[in-house]
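Participant: Please see the structure below; I have some questions.
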Amino acid sequence: MPKEVPSSKTISKCDHNDNSKDVPDKRYDSDRSFKLPSVKIQKPFSAIPKKRTDVIKWNGWGYNDSKFVVKDGIICFTGKRYPIGELELPYFTEWAKKLLNVDPFKICLPCEIPFDDFFPKTIINEDFLCEIMNLKIEHSVDGFERLTRSHGQTLHDIYSLRRNMGSIHRIPDIVLWPCSHEDVMHIIALADKYNVVIIPYGGGTSVSGAVSCPESETRTICSLDTSQMNNILWLDKKNLLVCCQTGLVGQDLESFLQERGFTCGHEPDSYEFSTVGGWVATRASGMKKNVYGNIEDLLVNVKLVTPKGVLSKEGLYPRQSTGPDLNHIVLGSEGTLGVITEVILKIRPVAPIKKYGSIVFPYFDAGVACMREVARQRCQPASIRLMDNEQFQFGQSLRPKNSSYWSSFTENFKKAYLKHIKGFDLNLICVATLLFEGEKDQVEQQETLIYKIARDCGGIPAGENNGERGYMLTFVIAYIRDLGLDFNIVAESFETSVPWDRTLTVCRNVKYIVGKKCKEFGIKYFLISHRVTQTYDCGSCVYFYFAFNWEGLSDPVATYGEIESAAREEILRCGGSLSHHHGIGKLRARWYPKQVSQLGANLYSATKKYLDPNNIFACQNLLPLKSNL
């Protein structure tokens with residue numbers, strides 16, 4: 001019977017922090033799809049250690065040494081990992097004061113790490129735990145270890161940790177660290193036997209509530225942390241394939257490949273912290289998908305451990321016509337069907353040329369017209385993204401004072417504006433950032449064609465430095481929300497994919513709806529902006545950023561939720577999707593049946609009932625609880 005266990009004893013199977021040793025290629029004689037001639041491959045250096053909080057924040061985004069802080073009334077960014085590190089940001093300070101009414105001298109510090117008696121008590125199935133210990137699979141019931149694996153990166157998650165820890169009532173009861181596919185098979189068999197809940201946990205970057213524990217769950221909940229499953233199993237240079245375990249962090253995979261002259265090319269905004277398994281589980285998309293593809297384009301084969309057995313295709317074929325592609329059962333499953341343990345991905349040789357660029361347009365509609373034509377002619381560079389004027393102004397504010405690299409885009413642009421295209425309004429202009437990757441002649445051809453299309457749409461080239469700066473700022477923006485919470489500002493992003501003929505409508509309508517709802521709630525200071533981040537033959541991905549000053553509101557997170565829900569309803573009415581790459585999780589589960597049709601929802605539910613008849617993967621993602629049982 002489940003009992004409360006106060007101890008925090010940890011059993012260690014092996015030391016996985018030794019990155020200097022060689023590890024042998026795994027052999028699965030019963031599964032030829034994961035078998036190649038025996039090789040030895042060095043274990044990749046792990047940027048994120050097993051003890052995550054040594055390097056990354058427990059209550060926010062990113063590295064411990066990288067964050068926005070206020071010194072003497074001026075916002076600064078710490079650390080040296082990013083271009084704006086160790087620099088004062090006076091323009092950003094003024095922007096925050098003016099737009100969001102931030103007083104840099106009135107800060108509310110986040111909650112401290114809680115004491116031991118704070119953590120919700122554990123509910124432990126002792127028979128299950130005893131067998132885990134006999135298998136020498138590393139585990140812990142330490143409160144802080146459990147807390148740090150109880151959340152992703154939703155606004156609700158981070159607000160609770162920084163401002164309202166009393167609202168945290170349910171966290172995992174045990175954390176498990178399997179080392180291999182076989183370890184996971186044992187864990188799932190035991191969980192099914194003893195009716196224990198398993199929630200897979202990768203990089204913790206989910207923004208859909210996917211890894212949070214349902215408060216109604218009374219069974220033992222295990223967070224299955226894949227971080228020690230971070231080996232490269234083999235590299236096939238001839239066929240351009242790599243096989244790896246799914247706890248491997250994106251930047252570690254890319255570093256390993258780059259050292260050998262290859263690249264995966266999958267670069268989501270969370271690339272520094274998200275894992276290969278998380279990419280597959282959420283059907284992720286990367287900033288360079290135009291050249292390398294989205295995760296479904298890169299995935300050749302996958303192993304999914306379920307209570308019914310292991311799901312995996314036979315062979316390493318480039319394509320096959322053998323019925324429905326079972327990879328797509330796993331892609332987007334979000335931890336509801338099993339644990340993804342190993343994947344085979346396509347890779348490419350590193351491009352010899354990497355070049356940035358940027359284009360200024362007189363207004364957003366002109367920029368969208370350009371992106372549509374670039375997509376129609378299928379001449380997209382590795383990345384092409386279009387930001388509206390609000391994001392342009394915001395990006396300009398993030399430049400330090402007196403820095404040649406970070407020189408003012410506005411000042412440089414004014415010269416060209418006055419000389420060449422008199423009439424541009426700096427309060428209306430928008431900017432596209434470009435990244436080209438390929439052979440020298442390919443890049444030159446793309447540049448020529450894209451800049452011609454841009455000129456035909458009223459745009460002008462704005463230089464490589466601005467393009468590189470805009471691209472790199474993507475990795476910094478996520479840190480801003482933590483700072484905002486210290487000054488009563490909530491902020492979040494949400495995205496959609498939408499046909500080209502609805503793109504402008506979605507952008508305009510969502511801005512209108514958000515503004516209307518803010519007025520209804522009495523919110524005086526807010527920001528709503530958007531950017532087009534990916535392009536396709538038939539449509540685009542649109543990313544929205546929304547922030548507001550919650551002065552006078554008793555529950556800012558609930559208020560945000562109501563406003564975003566109204567925005568999501570408008571997106572759906574205008575023909576947009578429920579998600580382009582964030583996934584469904586728990587936050588958007590109520591809309592899922594309508595998106596896939598009730599028959600589609602029933603088909604998913606039937607699949608889950610077959611693969612997981614006891615509902616041990618009871619995270620309640622995709623469909624509400626009643627549909628998961």
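Glycine is treated like the rest: Cβ placed from N, Cα and C.
Reproduced below are the annotations present in TrEMBL:
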REGION    1-31  region 'Disordered'
COMPBIAS  12-31  compositional bias 'Basic and acidic residues'
DOMAIN    168-350  domain 'FAD-binding PCMH-type'
BINDING   200-206, 269-275, 282-285, 334-340  FAD binding site
SITE      R385  site 'Important for enzyme activity'
BINDING   R481  substrate binding site
ACT_SITE  Y543  active site, proton donor/acceptor
Participant: Going along the chain, which residues six or more apart from S274 (FAD binding site) have their CB under 8 A from its CB?
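Facilitator: Spatial neighbours, sequence-distant, of S274 (FAD binding site): G202, G203, T205, V249, G250, P268, A284.
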Participant: Specify the nearest of the recorded positions P200, G204, T336, R385 to R481 (substrate binding site), where nearness means the distance between Cα atoms.
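Facilitator: For R481 (substrate binding site), the closest Cα among P200, G204, T336, R385 is found at G204.
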Participant: How big is the gap, in Å, between the Cα of P200 (FAD binding site) and that of R385 (site 'Important for enzyme activity'), rounded to a whole number?
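Facilitator: So the alpha carbons of P200 (FAD binding site) and R385 (site 'Important for enzyme activity') sit roughly 32 Å from each other.
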Participant: Looking at the domain 'FAD-binding PCMH-type' (168-350) alone, can you tell me the average pLDDT?
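Facilitator: The average pLDDT of the model in the domain 'FAD-binding PCMH-type' (168-350) works out to 97.
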Participant: Would you count the other C-beta atoms found within 10 angstroms of the C-beta of G204 (FAD binding site) for me?
Facilitator: 25
Participant: Here's one to test understanding: among the recorded positions G204, S270, T336, I340, R385, whose C-alpha is closest in space to the C-alpha of the residue listed as 'active site, proton donor/acceptor'?
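Facilitator: Comparing Cα positions, the candidate nearest the residue listed as 'active site, proton donor/acceptor' turns out to be R385.
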Participant: Could you state the CA-to-CA distance between I340 (FAD binding site) and R385 (site 'Important for enzyme activity') to the nearest Å?
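Facilitator: With the alpha carbons as reference points, the distance is 31 Å.
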Participant: Residues with Cβ closer than 8 Å to the Cβ of S270 (FAD binding site), same chain and 6+ apart in sequence?
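Facilitator: Long-range Cβ contacts: G203, T205, G250, A478.
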Participant: With every protein chain in view, what's the tally of Cβ atoms within 10 Å of the Cβ of A284 (FAD binding site), excluding that atom itself?
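Facilitator: Total other Cβ atoms inside 10 Å, all chains included: 27.
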Participant: How many neighbouring Cβ atoms, not counting its own, are there within 10 Å of the Cβ of T336 (FAD binding site)?
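Facilitator: Excluding its own Cβ, the number within 10 Å is 25.
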Participant: Please name the residue among the recorded positions P200, R385 whose C-beta has the most neighbouring C-beta atoms within 10 angstroms.
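Facilitator: Per the Cβ count, the most surrounded site is P200.
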Participant: I need the CA-to-CA distance for R385 (site 'Important for enzyme activity') versus T336 (FAD binding site), whole Å please.
Facilitator: 33
